[in-house]
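Pulled from Swiss-Prot, these are the features on record:
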- GLY23, THR24, SER25, MET26, ASP27, GLY28, ALA29, ASP30: ATP binding site (BINDING)
Amino acid sequence: MDSTTHGPRTHVPGRLFIGLMSGTSMDGADGVLVRLDGPRPEVLASASLPMPAALRDELFALNHAGANELERAALAANGLARLYARAVRQLLDQAGLQPGDVAAIGAHGQTVRHRPDLGYTLQLNAPALLAELAGIDVVADFRSRDVAAGGQGAPLVPPFHAALFAGGQARAVLNLGGIANVTLLEPGRPPRGFDTGPANVLLDAWCQRHTGQPYDADGRFAAQGQVLAGLLEHLIASEPWFALAPPKSTGRDLFNLDWLLARLQAFDGPAPQPQDVQATLQRLTARTVANAIDASAAAPRDVLVCGGGARNPGLMRELAYCLQRPVHPTDDAGVPAQWVEALAFAWLAQACLDRIPAGLPTVTGARAARVLGALYPA
């Protein structure tokens, strides 16, 4: 796309938005083109583009201190914007639409630092470049406004979960990306939500290290092993973050391969087999989700699961075992699990344009709800 796409918007019934998300797993960029003026989002097109290996490696590296970080971060952000622009082109082509038909893009960017305790969160993104390439207004930098108001800046999806899935009974909505986060929906109460701990971030890293595959497809590697109860308890007991009360959030800054290797080295027991570690990590995700829900005093009747982890049948079985209640992908409620986060950022972009506060103090701990995001006009 080039500057010839810029210009006045044509009329398309309803307001159309694009949501773009690349999560903690850094496996690719998910995008949706959606109509948001009805009672439920209407997905007109969807796309998932794999992350180029060189960009993925650089983004991984930028999660840790290193040489020449500023220039490398700027170049990686530009690379991500170009990947996003390819996703936008694919979405428009699928739907037979032009850039002027879309009100705005909500682009999350790639989190490389998340330190709300120090007053900042950093998502690599180049929204100005994306606006130029796509010819569509871009809303980005959703998290920092909440952090400025004293909040965690995460999770941001609970108000969207509430809009989609709230009903007459208590339920939980669990997002299994790199990090797991849960939204608690209880009649008569504002939504609550918080991160519960690692999900795919450790599963993917360990699988990559021992099989060469970027993720554990269908949980097959974990299925070759067995849960090591002693190791599981060691992983939980050795990490103070698990015992923190909400509001709380986390990321790859804390939970990463180095975190896991340090705890394996400190484990007072026989050296575990790689497949047993994978099975134990799968249980770790499920157990910490269950522990967090139990500690919240919520009593959800069921749990709806979205994100990449919803496609892992082994992990879904572990969740059902640990939660002792029905566990279903959000597909069963009419919303494809793979696209929920991208849909959420389309929804957040609309809220920003309409100047509707979308942060929830009951989730992030901010002083008050704020309008989230910054606008980069095309």
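Heads up, the Cβ atoms here are built off N, Cα and C, so glycines get one too.
Note that this is a predicted model, so its numbers are computed, not measured.
Here the features listed in Swiss-Prot are placed on the structure.
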| residue | record | CB count, 10 Å |
| --- | --- | --- |
| GLY23 | ATP binding site | 23 |
| THR24 | ATP binding site | 23 |
| SER25 | ATP binding site | 24 |
| MET26 | ATP binding site | 22 |
| ASP27 | ATP binding site | 19 |
| GLY28 | ATP binding site | 20 |
| ALA29 | ATP binding site | 24 |
| ASP30 | ATP binding site | 25 |
Non-site residues, in chain order, whose CB comes within 8 A of the mean position of the CB atoms of GLY23, THR24, SER25, MET26, ASP27, GLY28, ALA29, ASP30 at ATP: MET21, SER22, MET51, GLY177, GLY178, GLY308
GLY23 (ATP binding site) in three-state DSSP notation: coil
Secondary structure at GLY28 (ATP binding site), reduced by DSSP to three states: strand
